[in-house]
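Asker: The feature transmembrane segment is assigned by TrEMBL to 6-26, 80-99, 106-126, 146-164, 173-202, 214-231, 238-262, 274-291.
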Amino acid sequence: MTISENTKGLILAMASSAFIGSSFILKKKGLKRAGATGARAGVGGYTYLLEPLWWAGMITMIIGEIANFVAYIYAPAVLVTPLGALSIIVSAVLAHFLLKERLQKMGVVGCLSCIVGSVIIVIHAPQEHTPDSVEEIWDLATQPAFLVYIAAIASLVLALMLYFEPRYGHVNILVYLGICSLMGSLTVMSIKAIGIAIRLTLEGISQVAYPQTWLFVTVAVVCVITQLNYLNKALDTFNAALVSPVYYAMFTTLTIIASAIMFKDWSGQNASTIVSELCGFITVLSGTIILHSTREQQPVSSQGSVAWYISGDSMKSIEEHLITISNSHYTEE
């Protein structure tokens, strides 16, 4: 019995979500253990590097990312990318049982929404034609429609970096995450091209000598570095409970658009099938937002301190508004 390319991609994407979701729990348990015996990572400590559980989490995450990378070789981005939401379900369920972070009733509804949406996407996912060479991928990347997309991405990223970031980056979450998501869509296209080149090379059709292969590698490295830099800025400035769903929504949407333009994922599909895929994605997105919005806040020790949250949409982390009272003087962290 022959397994279809989409099925291989589906299995790898689901395995990736399971590994990545589990890695969050392992790393968090490792950080807790390390924090109990030394300086916490949040205050600049590195004792977690001596904790086996933290390393187990890192190895698990690497395995998950490799599986996700290979999944893009076999299946279209419109199938693989939305399934990343399953890692949120895995981490939420495991956190409920292993970390005692209570999963509320609406959180369960969010998990079910993600599962239902993922099933809809899988059922209606298009079959993808795999290019026979890097040169063929290069032809897809240089078609007029995708060149217009690249020009639009470059213009938006430059505008966000040069004009909006200095003025609004610290108050508007869309600035940092906009840069991350725009660059992220190009990252996925480059990684998919690299993956196909590796696959063809392993099958005996070497793609190493083609300059296009190394150009895709260069683009991927630049995009990944930029993406991680601005994602770290977003996490440092805004609450993670807000960053995660917004980033997921923007990144996934732009990746699906980029893949549809470059690889023509929806070519040959009728309107009802495309609408079904979009409804599945919206269902996954809704479930992700519900799941994040119902997560309990981490308990904060109040000994010797007074803390509050700033009301409004900024939802900054509590550490930024912690006032420590010590004898006759006040220290604001």
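Glycine is treated like the rest: Cβ placed from N, Cα and C.
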Asker: Is it the case that the transmembrane segment (106-126) and the transmembrane segment (80-99) touch, counting contact as three or more CB pairs under 8 Å in which the residues of each pair are 6 or more positions apart?
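Answerer: Taking Cβ pairs at least 6 residues apart, the transmembrane segment (80-99) and the transmembrane segment (106-126) are in contact, with 3 or more under 8 Å.
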Asker: Would you say the transmembrane segment (238-262) and the transmembrane segment (173-202) are in contact under the rule of three or more C-beta pairs closer than 8 Å, pairs 6 or more apart in sequence?
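Answerer: Counting Cβ pairs under 8 Å (6 or more apart in sequence), the transmembrane segment (173-202) reaches the transmembrane segment (238-262), since there are 3 or more.
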Asker: How about long-range neighbours of the transmembrane segment (80-99): same chain, 6 or more residues beyond its ends, C-beta under 8 Å?
Answerer: 9-10, 13-14, 16-18, 20-22, 24-25, 28-29, 64, 68, 71-72, 107, 111, 114-115, 117-118, 121-122, 188, 244, 248, 251-252, 255-256, 259, 280-281, 284-285, 287-288, 291-292, 295
Asker: Could you give the residue numbers and ranges of same-chain residues that sit at least 6 residues beyond the transmembrane segment (274-291) on either side and whose C-beta is under 8 angstroms from one of its C-beta atoms?
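Answerer: Same-chain residues near the transmembrane segment (274-291) but 6 or more away: 78, 82, 85, 88-89, 92, 106-107, 109-121, 123-125, 244-245, 248-249, 252-253, 256, 266.
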